[in-house]
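Per TrEMBL, the features are as follows:
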- A:D34, A:S48, A:D79: Mg(2+) 4 binding site (BINDING)
- A:D34, A:D79, A:D225: Mg(2+) 3 binding site (BINDING)
- A:T49, A:D50, A:D129: Mg(2+) 1 binding site (BINDING)
- A:D50, A:D79: Mg(2+) 2 binding site (BINDING)
- A:D57, A:E279, A:W328: substrate binding site (BINDING)
- A:G128, A:D129, A:R154, A:S227: ATP binding site (BINDING)
- A:D228: Mg(2+) 5 binding site (BINDING)
- A:32-145: domain 'PurM-like N-terminal' (DOMAIN)
Number of protein chains: 2
Amino acid sequence: MVSIGDIGERALLSRILERMPTGREHTLLGPGDDAAILAAPDNRTVISTDTLIEGPDFRLDWSTPQQLGHKAIVVNLADIAAMGARPTGLVVALAAPADTEVAFLESLASGMADALQRQAPDIGIVGGDLATAPQLVIAVTVFGTLDGAAPVTRSGANPGDIVAIAGAMGHAAAGLDLCFGGALQAGAPALPAAQRQLIEHQLAPNPPIDAGVTARIHGATAMLDVSDGLLLDAHRLAQASGVTLDLRPARWRDETLALAAKRGCSNEEALAFELNGGEDHALLATFPATVDDAPTSLPVPFRQIGVVQQSADAPVTVDGAAAPATGWDPYAAASTGTTSR
Amino acid sequence: MVSIGDIGERALLSRILERMPTGREHTLLGPGDDAAILAAPDNRTVISTDTLIEGPDFRLDWSTPQQLGHKAIVVNLADIAAMGARPTGLVVALAAPADTEVAFLESLASGMADALQRQAPDIGIVGGDLATAPQLVIAVTVFGTLDGAAPVTRSGANPGDIVAIAGAMGHAAAGLDLCFGGALQAGAPALPAAQRQLIEHQLAPNPPIDAGVTARIHGATAMLDVSDGLLLDAHRLAQASGVTLDLRPARWRDETLALAAKRGCSNEEALAFELNGGEDHALLATFPATVDDAPTSLPVPFRQIGVVQQSADAPVTVDGAAAPATGWDPYAAASTGTTSR
């Protein structure tokens, strides 16, 4: 077993780079110089950054390096999608202990490449940074283009709009619950396929990245990606827009029943996963209720989960009852020892 | 003393944001949404990323939070300058233990703001990410524009070109040597002002960021910022360009003597700091020897330190003798316990 300390930065970089796509359409200057150059076809670049850190954000006894690489890419792509933009490229800064196996980082790079192949096959990793750290740090910054259009921010929702979602609700949270329950421990009994899928939602989610552009084209008034919990992120959208979001669980009861069946839990527990869970990186968006006096037909894969109302005391209600802004706060979680978000 | 775990992510974010400029000229959408939007006036964005990690990259018993914030900004700006570009904005991902004092991160943010005010007063921090980690992690990604011009890469040096440098040589390395010698330990004797300056070069460097655009305008054929050591980075430029760089220490002997006097060391030791030191983030560039048949006059603050020759066995020579590619390798350094680079 060869560690990255054995082969040094230059050899490691070359082993990682040969596994990663450097991009086609948008990459004007790829890795290897002091900086990369990415095309910005409409004179603007959409930018988001997100860091995954061993311990607070992931555990190496739960995630494979491929899953980690996959997740680091898609959670960043989801932020670009949430603006109604399409991704154009990424940069990746990796820091790892010097005794990390080279094969581990090669697998992580392969996981990144596979995620890009699946979710954004024309773009690549245009630059990065390699460093040492006491534990693994994956810092990704992602870029996108709006192709001349206005961004879909969090602040445009209007009373009367439809509240809709694209992507899974609560699956990643149910998967995390299975992980905490010991499902991945050595010697644990084999899991049913449905439960393995839920864990896969947590460890290597596949949010509907393309749905971001779809939402913009279909007139979405506000959007964000649900990263910290549906209720918490709904609060953020409601407060940015100055409205109240009323969620109507009866509208997605079939999904709740299906999640309960997959997880093997009560319908109430399944609904709690859906309302408090975040790491599916679903897209939460609002759409006008009518277009040209006809009722809006939501674009696939969006489905209605609520309605936008005039701002009331509570920014978010569930069937009219005030809902708390429960969800992920990294600092609060750190004090209670919670892992992941 | 209030920790970041006490106040939570949202309050911390607001305390940090109020200290940071969000940018004027280029910021189309600043912090607060899923992504930021930055202007790219010539349809291209220059991008670089660099991460500072407590332990390998800095020590909290040496650096103040202001110095850390300053350094995280300028080492990134230097990468943009090294392409011949001017900075347009940055994103910053911060991860810190939950028991970190709020005041510490406020000071770090102020250090970032001061560095921007000094080095790039029109740009701002357009987005970021807050997370927890077992030790402090500062991941910065920086953006720039070439204003329609071609980038100055590492690969354009031609035999006959002048090798030139802008910024300090060896000062940061001499300062690091003082730190390792115990100069910052509690109870250590007060240092002479000249030595305090050298330590400041290490902990909060101020490379000549504007000189990057100056070099491009004056026809620089290749450029990089000296981050890992003059000899090592000279090797990188030489190999990318397929040439040999011959450095001529007699050309900067006055600087070597001045550094020896500041540090209180021999001239030979001072030259070793200059040749092996990197963290001044000076700009190493090559320029044609003549323009319109007249000898090139190098733009301020560049001065000649060598000449470009046909590729020989050694990519870098010093007065004609092969020079090793000594300098910083994070993985090799980690195995020997070295801090900083």
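Glycine is treated like the rest: Cβ placed from N, Cα and C.
Shown here: features listed in TrEMBL, placed on the structure.
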residue	record	CB count, 10 Å
A:D34	Mg(2+) 4 binding site	27
A:S48	Mg(2+) 4 binding site	30
A:T49	Mg(2+) 1 binding site	27
A:D50	Mg(2+) 1 binding site	22
A:D57	substrate binding site	25
A:D79	Mg(2+) 4 binding site	28
A:D129	Mg(2+) 1 binding site	20
A:D225	Mg(2+) 3 binding site	29
A:S227	ATP binding site	22
A:D228	Mg(2+) 5 binding site	23
Would you kindly determine which binding-site residues in the set A:S48, A:R154, A:D228, A:E279 have their Cβ under 8 angstroms from any Cβ of chain B, listing them in sequence order or replying 'none'?
-> A:S48, A:R154
By a three-class reduction of DSSP, A:D50 (Mg(2+) 1 binding site) is assigned strand
Can you tell which of the binding-site residues A:D34, A:T49, A:R154, A:D228 lies nearest to A:D57 (substrate binding site) in space, using Cα positions?
-> A:D228
Which is it, of A:G128, A:R154, A:E279: the one of these binding-site residues whose Cβ has the most other Cβ atoms within 10 Å?
-> A:E279
As a whole number of Å, the Cα atom of A:S227 (ATP binding site) is distant from the Cα atom of A:E279 (substrate binding site) by 5
Going by DSSP, how much of the domain 'PurM-like N-terminal' (A:32-145) is helix, how much is strand and how much is coil, in residues?
-> 35 helix, 46 strand, 33 coil
Among A:D34, A:D79, A:R154, A:D225, which are recorded as binding-site residues, the nearest neighbour of A:D129 (Mg(2+) 1 binding site) by Cα = A:D34
Cα of A:D79 (Mg(2+) 4 binding site) to Cα of A:G128 (ATP binding site), in Å and rounded, measures 19
Whole-number Å distance between the CA of A:D34 (Mg(2+) 4 binding site) and the CA of A:D50 (Mg(2+) 1 binding site)?
-> 22
Please report how many Å separate the Cα atom of A:D228 (Mg(2+) 5 binding site) from that of A:S48 (Mg(2+) 4 binding site), as a whole number.
-> 16
